[in-house]
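Heads up, the thing below is written out as structure tokens.
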2 protein chains.
Amino acid sequence: MFKLTFLGTSSGVPTRERNVSALALECIANAHAKRNTWLLIDCGEGTQHQLMKSHLSPNDLSAILITHTHGDHCYGLGGLLASLGMNRRTKPLTLIAPKAIAKLLDTLTIVSELQFNYPIDFIAIEDNLERELPLDLGDNHRILIRLHTLSHRIASFGFEIVQTLDKDKLLMGKLKTDNIANKYWHEILKADTPLSLDDNTINPRDYKIHTQSTTKIVIAGDNDTPSLLTQAVKDCHALVHEATYTDDVMQKIVSKPADQGGFDPKHSSAKMVAQFAHACHVPMLILTHFSARYAPFDDETAKQPNMGHIRKEVESYYDGKLVLAKDFLQVAVGLDAIT
Amino acid sequence: MFKLTFLGTSSGVPTRERNVSALALECIANAHAKRNTWLLIDCGEGTQHQLMKSHLSPNDLSAILITHTHGDHCYGLGGLLASLGMNRRTKPLTLIAPKAIAKLLDTLTIVSELQFNYPIDFIAIEDNLERELPLDLGDNHRILIRLHTLSHRIASFGFEIVQTLDKDKLLMGKLKTDNIANKYWHEILKADTPLSLDDNTINPRDYKIHTQSTTKIVIAGDNDTPSLLTQAVKDCHALVHEATYTDDVMQKIVSKPADQGGFDPKHSSAKMVAQFAHACHVPMLILTHFSARYAPFDDETAKQPNMGHIRKEVESYYDGKLVLAKDFLQVAVGLDAIT
């Protein structure tokens, strides 16, 4: 199971309500754990400030993934890494990012004379495309990350993140039929070799079955071609994708002459992502990275651009579960995987 | 006259109450102006977020001055410059900073494929030490900046900023003695060449005197040797200086063995700055850049480190006007210059 906490949901510039992009992904293997290992996807300026306001501990941060190198997705990285060092972090941090991020960190290290007292395991996305990157979260908890190329004004990538949880479940009927006392059940669940109970020896494997549950989420960077994720979203529980504009606003920006501020932002409209998610039967679509012009209220009849316009556009093309992200919103994905 | 607005007053890392270093300096030539040109001194991460919460408009920002290249003083620069561009700024921006900042901007430009649509006039501090840098703020309003070398773990600098306002004042007694009608006074104040009034011609210079008022403020970067500013603070109205720790806390950090986290932070204690300001007769001492350990409340008797400890220490050595900065505090300096 994953739990998302959005730390920034604005495109390009921060607003009073939304910081620039960052998303925490807690990887939950045990519903009763008080703290979970988490990954940070993107790290816009002010992400460390948002973290201070959240329930997340930097000590439980295992990896940072950067989708692309536009400032609103990575200018908080230097500050966060420096602060982790000042907080005396010693455990390693995995950094999965475009190669250019290594260049940025090299420069920050020289310019600020930074010294990290923890190892940073840098994995260049460009060298690992379409491969499976296993990430060990400790306690036999592993996830797999696959990297996908997207289309934007700058090299941009999406992450397909898969958690597989192995679990044994007791066969209650058989335990009762064979009169195995209640007090042994926990021991049987944990054992792998024959167990001596009172007056007989049993094979614990006869009294339980092995189950495996998989949760998959796809988290995309800026992207004007959702169909690049067709393979990635197969059997996913949720897709997190940008929807910077409604379609009419995007068409206006693209069709305006360059000398009047027109350009191709190479973003997706809400409509484009909704159509893609519908065609691919994505069960949960989580949209984020909204242009600052969209006010945070929801009123589809208002003239002022607002979240109601985005919502209404998506609902015309997609009938799965829709979530419009806002800062500090938490979303559970694959809850059945741990229950 | 200057008006300071503190945008960040924490050392090293942000806290819930204090962001990392940034300070806005409004240069006020006219007490009735609704908006004033301002300079930004240091630009820690999240400075653009703090600006959104202040009364300051990025359109009125004339220059950014960076004291040194530790992250808590400059990691907000990339985001702010990019946002100025996205807000369609076209007017030039002066950037007075250590040379390494040019390297950082070069890298950000390459990594994020940034294109600024406004000119950045970069002035390397190392090439202009002890020189006078004039800064034209428009409307005949000029200030002078002198750069001073400080002592820290990394090259660090202080700024001596001088505003000189020229003003003509009418000689009321002579106007009345010569029976010059009231209706001409404004014209006489503005004129430089002989004026024909009713039946005679007068030289306007005979009816006014030229006055000049100077306001000087010294704003220092991180520094463990306040006496490096002895010349700079001569006749200043105010000194803004770091006071990262009280003296006892600093002595503990310095004397601790390295393997237990001891090191020389090369900062000033409150005592050191207070003694210096007292010796140099600085009329107003504004302290900032406090270690995150100091809670924002003021209780000199409490065990928990707090602003009361800093205040008490300063008051033992300095009896001028003391200001302990906090985020969004505004301080007027040289009010008499425009009244």
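Using the three backbone atoms N, Cα and C, a Cβ is placed for every residue, glycine included.
Keep in mind that TrEMBL annotations are predicted by a computer and have not been checked by a curator.
Summarising the annotation, TrEMBL assigns Zn(2+) 1 binding site to A:HIS68, A:HIS70, A:HIS152, A:ASP222. Cβ neighbours within 10 Å of A:HIS68 (Zn(2+) 1 binding site), excluding its own Cβ and spanning all shown chains: 25. The secondary structure of A:HIS68 (Zn(2+) 1 binding site), as reduced to three states from DSSP, is extended strand.
Here TrEMBL flags A:ASP72 as active site, proton acceptor.
Taken residue by residue with DSSP, A:HIS73 (Zn(2+) 2 binding site) is part of a helix. Annotation source TrEMBL lists Zn(2+) 2 binding site at A:ASP72, A:HIS73, A:ASP222, A:HIS289.
The binding-site residues examined here are A:HIS70, A:HIS152; by Cβ neighbour count within 10 Å, the least packed of them is A:HIS152. Here the Cα atom of A:HIS289 (Zn(2+) 2 binding site) is found 10 Å from that of A:ASP72 (active site, proton acceptor). Using a cut-off of under 8 A between C-beta atoms, the binding-site residues A:HIS68, A:HIS70, A:ASP222, A:HIS289 that neighbour chain B are A:HIS70. Listed in chain order, the extra residues whose Cβ falls within 8 Å of the Cβ center of the Zn(2+) 1 site residues A:HIS68, A:HIS70, A:HIS152, A:ASP222 are A:THR67, A:THR69, A:HIS73, A:LEU150, A:ARG153, A:ILE154, A:ALA155, A:SER156, A:GLY221, A:ASN223, A:LYS266. Every protein chain considered, the tally of other Cβ atoms within 10 Å of the Cβ of A:HIS289 (Zn(2+) 2 binding site) stands at 28.
Surrounding the centroid of the Cβ atoms of A:ASP72, A:HIS73, A:ASP222, A:HIS289, where the record places Zn(2+) 2, the chain contributes additional residues within 8 Å, namely A:SER11, A:GLY12, A:VAL20, A:SER21, A:ASP42, A:GLY44, A:THR67, A:HIS68, A:HIS70, A:GLY221, A:GLU242.
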